[in-house]
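The following features are taken from Swiss-Prot:
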REGION    1-63  region 'Disordered'
MOD_RES   SER11  phosphoserine
REGION    40-70  region 'Required for interaction with MCOLN1'
MOD_RES   SER53  phosphoserine
MOD_RES   SER55  phosphoserine
MOD_RES   SER59  phosphoserine
TRANSMEM  87-107  transmembrane segment
TOPO_DOM  108-114  topological domain 'Extracellular'
TRANSMEM  115-135  transmembrane segment
TRANSMEM  149-169  transmembrane segment
TOPO_DOM  170-185  topological domain 'Extracellular'
TRANSMEM  186-206  transmembrane segment
TRANSMEM  216-236  transmembrane segment
TOPO_DOM  237-253  topological domain 'Extracellular'
TRANSMEM  254-274  transmembrane segment
Amino acid sequence: METAAGSERRSTPGPAVPPPPRGHAPLATASGPLSSPAREPPQPEEERQLRISESGQFSDGLEDRGLLESSTRLKPHEAQNYRKKALWVSWFSIIVTLALAVAAFTVSVMRYSASAFGFAFDAILDVLSSAIVLWRYSNAAAVHSAHREYIACVILGVIFLLSSVCIVVKAIHDLSTKLLPEVDDFLFSVSILSGILCSILAVLKFMLGKVLTSRALITDGFNSLVGGVMGFSILLSAEVFKHNSAVWYLDGSIGVLIGLTIFAYGVKLLIDMVPRVRQTRHYEMFE
């Protein structure tokens, strides 16, 4: 009995505090800076910006190691498969655009067309740019080489500048002398054929460039796209001149516009790629 009474005396200190309900955290006694993160979860916009920042840092890290982003996207056999496709498209582009360049030069000389001359120069540029892409992907071990990629882009930028100067000078000369283009079936045939073929080549190069994350292939595709636009512009200016001889300046004006577009793209390409060539010059092991 004394033991029971003693246990009763020990268990009488005051009412017991009920435990917190299950599933609920204990209430904080005082609000402070430590409790603010729990009440303010990160916003979706902040999470998206964080992911973008991490992706950019990851790409920069790849470039610092001399690799393109395609090295993490493609398996080795997939990369080699797309490399071979890029080579085939480049060879096909060289053959087609070389034939179109000869035809366009013929039209330019015989029909006094500034747009035809501009297209012929752009076709020669397309041949050279496709040859550079061939060099870019000629080495199977350098399919992901950032240094090789940037060198190809710098060469393309220089070619763009030289070609644009020739196109603009020829177009301005034709405008100043008021040369009137002659219209015939041969001019129509060349313009339609060049417009269709160059547009198809541009789509193929853009697709391969996106998969291989290749700025050189995308630049080559841009050049083919310009060739397609110039081909259709020959058709447009000739058709307009046929119905209204007062609009004789349309042909030369299109030539000037396309020349300036190529010049701007070339300058942008050099500004972007020259520093990157210097940054990756230590990775010539891929050559």
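Each residue, glycine too, has its Cβ placed from N, Cα and C.
Predicted, not measured: the structure shown is a model, and the values here were computed from it.
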Most Cβ pairs under 8 Å with the transmembrane segment (186-206), selected from 87-107, 149-169, 216-236, 254-274: 216-236
Which of 87-107, 216-236, 254-274 contacts the transmembrane segment (149-169) most, counting Cβ pairs under 8 Å: 254-274
Segment-level pLDDT (mean, integer) for the region 'Required for interaction with MCOLN1' (40-70): 53
Contacting positions for the transmembrane segment (254-274) when only residues 6+ beyond its ends and CB under 8 Å are counted: 114-115, 117-118, 122, 125, 150, 153-154, 156-161, 163-168, 170-172, 174-175, 215, 219, 222-223, 226, 229-230, 233, 236-237
